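Below you'll find the structure, written out as structure tokens, and then a few comments.
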Amino acid sequence: MASTDISLEHASSPPPTLRRVWTAHIPPVKSQYKPLKTSTELYCALFALQFSNMMCFIDSMAAPPMMSTLSKALNCGYLSDQLGRRYMLLTSYTSLIGIAIATGFVQRDVELFIVRGLNGLVSGAIGTLVSAALSDYTPLGTRGKYQGLQGITILGIEAPFAVISLVSTYLWCPATIPPPTRQELLAILKTIDYAGIVTFCAAVVSGLIVASQAGRQWPVNDPRIIALLALCGISSLAFLALGLKYRRIRPVIPFRIFRNATVSIVLLQQFLMGAVYWAFLYFIPSYLQIAHGMNPLRAAAHMLPWLLPHGVWMTLSGLVMTWRWPLRWPARKKQVSYGPMMWLGYACLALACAGIACARDVAGLVGLEVVFALGTGAVFQNSVAVLQSHTEQDETAVVLGVRSMVRGVGGSIGSAVGTVIIGAVLGEYLPERWKGLKSSAFSKPPFARMTADEARLTVGSFEHAIAWVFVACAGAMVLSFALCVFIADHGLERPDIKEKERRMSAEHM
């Protein structure tokens, strides 16, 4: 395979007929990085990026084990194309530190929702920026050799080194372009889809509130539910209208990327993956605390059987993906392929979710967490390679940003749907005296005030409810597994690079 340049500009522009009309007036994407001269510079930059991603992951993992306790005590990637990954990463990371500190001082539920919402915004930005910067530094053909660094760094839990990470990121990622001028910054700000951001957030937030509160905290015919449904519908229609309308700005979700069938399928899989992944992170610690009487710290420790294999297999799966597989039957032509990893990943996820729905003892749950880790390790970063191989190089940050957003939305919807399922099942099986517990899927029941029979029925109700959540998760992963049939696997080569090589070979004939 011919070597590729890691800059974000094409060596030659594609024919005008291949470009969408509404992108003609958008400022071109600037080259972000020059090729690094030594392998030491490359590894330093990659480790600095992944250290930031590790800190974001630690913050995300800290919330689920505490939900049962907290619930009782309380009442983008477009700018990085122009300003540079380093500046946006430092801004996001500084914001994450401030939000993490603010989380420790919240006193009411509303405050917690606000700071965790901001945390999700910043965490998504860091994840997208790290993936985009990794793609800038490493050609697609060699991505599998380096993506495992993300799994390795997640294994290190060195939270006190947050400030050192911030400084080292600044030192290890040398600036290769000057900061933008005031005129350039104003021109960039004019291309942001503010209306799309507002309408999309309004649709998602209002829809999630309705899904989680209707029929539980608020009656279905409550004026607040009706108003939120109206807001969700109007915002959704407005967002679709804005996305289909010609505008001289960068839409928050460019609909043109969905013209590629493989990209659309992978994004759908990521949506379902986000729903299952966040359901796993939130409901497993809750299950361990309620059904097995563990404290939050011990419940968090029982997530290590997933975390450790996840990091190791994420590293190894990238190397396995770079093997040349004999896939072209009957010619048996070998090629680098991501197909086997995607099939294996979703198969493991489906089996793990189905097993968790039936598991009742901790030992069995630990084994299923390992299987779940094999699935997440095979799918998470390898899906980035699939998207890269089906999009042109100057659209990498856009597609990766949409992937992160779709997975985050899937996680929000998955958590809300899981909460609804748990509430419905608890309302059916809980003892009559404790029907009120169905209003909170994360609160630990007051077992001290229950009789032995009531406590046994309550634990059984929660086990049954969480089992139904993972039955739904298993169905989602079976669907994702089936969708792998429609993923076009042509190896780790970008379509624009392949077209360039084809033209060059035709000229030399």
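Keep in mind that glycine also has a Cβ here, set from the backbone N, Cα and C atoms.
Taken from TrEMBL, the feature transmembrane segment covers 42-67 (among others).
Marked as transmembrane segment by TrEMBL: 87-106 (among others).
What TrEMBL records for 113-134 (among others) is transmembrane segment.
Sequence annotations record features per position, and here TrEMBL assigns transmembrane segment to 154-173 (among others).
Among the features that TrEMBL reports, transmembrane segment is placed at 194-213 (among others).
According to TrEMBL, the feature transmembrane segment maps to 225-244 (among others). Only residues 6 or more beyond the boundaries of the transmembrane segment (225-244), in the same chain, are considered here, and those with a CB under 8 A from a CB of the stretch are 193, 195-196, 199-200, 202-203, 206-207, 209-210, 213-214, 218-219, 251, 253, 255.
Annotation source TrEMBL lists transmembrane segment at 265-284 (among others).
Residues or ranges marked as transmembrane segment in TrEMBL: 304-325 (among others).
The transmembrane segment annotation in TrEMBL covers 337-357 (among others).
Beyond the ends of the transmembrane segment (363-387), by six or more residues, the same chain brings 131, 135, 140, 143-144, 147, 150-151, 262-263, 266-267, 269-270, 273, 277, 280, 284, 288, 302-303, 305-314, 316-318, 321, 338, 341-342, 344-349, 351-353, 355-356, 399-400, 403, 477, 487, 492 to within a C-beta distance below 8 angstroms of the stretch. Feature annotation from TrEMBL assigns transmembrane segment to 363-387 (among others).
What TrEMBL records for 408-430 (among others) is transmembrane segment.
Annotated transmembrane segment per TrEMBL: 465-488 (among others), in sequence order.
Same-chain residues lying 6+ beyond the ends of the transmembrane segment (194-213) with a Cβ under 8 Å from its Cβ atoms: 225, 228-229, 231-232, 235-236, 238-239, 242-243, 251-253, 409, 412-413, 416-417, 419-420. Counted over residue pairs 6 or more apart, the CB atoms of the transmembrane segment (337-357) and the transmembrane segment (304-325) come under 8 Å in at least three pairs, which marks the two as touching. Counting Cβ pairs under 8 Å that are 6 or more residues apart, the transmembrane segment (408-430) and the transmembrane segment (265-284) reach 3 or more and are in contact.
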